Structure formats: structure tokens, C-alpha cells
Amino acid sequence: MNKIAFIGAGNMARAIIIGLVNSGITPQDIIVANPSEGKRLNLAKEFGVLQTDDNVKASEFADVIVLCVKPHFITDVCFQISQAIDIAGKLFISVAAGTTVEQIQSALSKDDTANLAPVVRVMPNTPSQLGLGMSGLYASNEVNTAQKASADKLMTAVGKIIWLTTEDKINNIIAVAGSAPAYYFLFMEAMEKQAISLGFTPEESRMLVQQTALGAAQMVAHNNDVDISTLRANVTSKGGTTHAAIERFKADGIEEIVKNAMNAAIARAEEMAK
């Protein structure tokens, strides 16, 4: 792995750094740039990575530059870097939602559209903080084989990945994986509230819901050759209690609710990219 700069020191930067260090990457080959001192110093202290408040200095150090800033800052940051240093040969990886490869390349190009920077756009999700992430990646045409391998290694350090053939599928990844942990949290939250109303303590309710969700997810993960619908059917005896609950979900339109929610996420992602 090449030298890596993280521009931004938030949760996703931290998650990827944890994954890289745990996979054997030398901490001194990683630098974190962030304007506020606290987060970058914490990362330096905890993992032994280098740190600076200077985006340009960090970018000059690295071969791979991971853009972990808020979407509304990303083009300004890219412009700042491109105006200060020679970016030839550097790979830019963006984890910002709603910012396209074209927008990033435009900010980096210095109006030289014949020599666009290689950019990989990544849509991760928050379980990456535990090494259990699911990310979708899209590479611009300028990304070479070695750079694609670097991006692959970077993101497999925090979970599983799929490569996308077209950039528009990034918005679909947002709906299916990027935003999806919150869907599960919402469902678990509703179950927890109902468990409390049934007389369980908050602590008992949390444990009941949490462990059941974990067990169900593990059953799916350990039975890759079995359809999820089959796993559900296997615990749904006709006329039984589970069947009654499932039929209620269906009657209330759970599939339509999920479809509409995912489409809303896609629509918002498309709006953000305009």
C-alpha cells in the first residue's frame, strides 16, 4: 500500500484507519489532515499516524488521498490542493455523498480537461467502524489497475465491497447499504418500544431486540446458499404466532413501505448531486 492522506478526521476516516492499521499498514505511512486539533491528535495518539492541520502538506506526502470532508467542502478542498501541488500520479478517493466524479475532477483539473485526475468514488456505511461495512465503489476511466487495487485494499480493510460499472449506481448503493443501517435501527427501535410496553425493562428490551437482530443477521450470513425468503419461511409455521405477525406486516404493506423509503433515499441523493 502507498502512503495515504486522509483529508478530514471524522468517523469514516477513523473507521478506515482502524481497518488499515489492523491489516498491517504502517501507521507512519498514514497522515491525517483536519483543521480542528482534537480529532487528529486523538487519531495520532491512538494509532500512531501522522497528523497536520494542512491539507496541502498531507496531500504532498501521499500517493492516495482520501477525501473524508462534508460534501459542501469537497470541491473547495480539491481546488486548494490542485493549486498548491502537482497532483500527477495521485489517486483521489471520495467518500462524500452527492458529489460526482466530474465535480471532483473539475475542481482538481486547473482547466486541463485532457489530464483529469484519477478518482474513485466510494459509498460506505457506518458498520465500517466495526470492520463490518458494505461499500460500493466506482472508478473513473483515469484510474489504472494499481490504483484500483489500492482502493480495493483500502475499503476491504473495513468490510465488503462491490465495484460498480456506472456512477449512477452509487445512488442505489446509498438506498440499499449506505443509509440502510438506519432502517434496521428504526425497526429495532420500534420493537424495543413495544417490548417495554409489554412489561420488559428497558435493559431487557434492548437485549431481547439486539440479540435477536444479531442472531438473524448471522443466520443469513452463515447460509449464503439459502434464500432469505426461505429462512423466513423456515420459522413461519402456518397458523402459528410468527405467521400471524408476518401476515400483519404484509397486510400493512411492509414491502411498499420499504420500496418507497429506498426510492426516497435515491431521489434525495440525485437532488444533492445537482
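Residue numbers in this text run from 1 along the chain shown.
Glycine is treated like the rest: Cβ placed from N, Cα and C.
What TrEMBL says about a protein is an automatic prediction, not a curated fact.
According to TrEMBL:
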type    : residues                  : note
DOMAIN  : 3-98                      : domain 'Pyrroline-5-carboxylate reductase catalytic N-terminal'
BINDING : I7, G8, A9, G10, N11, M12 : NADP(+) binding site
BINDING : N55                       : NADPH binding site
DOMAIN  : 167-272                   : domain 'Pyrroline-5-carboxylate reductase dimerisation'
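Feature map: TrEMBL annotations on the structure.
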residue	record	DSSP class
I7	NADP(+) binding site	strand
M12	NADP(+) binding site	helix
N55	NADPH binding site	helix
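The residues of the domain 'Pyrroline-5-carboxylate reductase dimerisation' (167-272), classed with DSSP into helix (H, G, I), strand (E, B) and coil, number 85 helix, 0 strand, 21 coil. Around the Cβ of G8 (NADP(+) binding site), 25 further Cβ atoms fall within 10 Å across all displayed protein chains. Each residue contributes its Cα atom, and for G8 (NADP(+) binding site) and N55 (NADPH binding site) those atoms are 9 Å apart. Sequence-distant neighbours of G10 (NADP(+) binding site) (same chain, 6+ apart, CB under 8 A from its CB) are K39, C68. The binding-site residues examined here are N11, N55; by Cβ neighbour count within 10 Å, the least packed of them is N11.
When each of the binding-site residues I7, A9, M12 is scored by how many other Cβ atoms sit within 10 Å of its Cβ, M12 comes out lowest.
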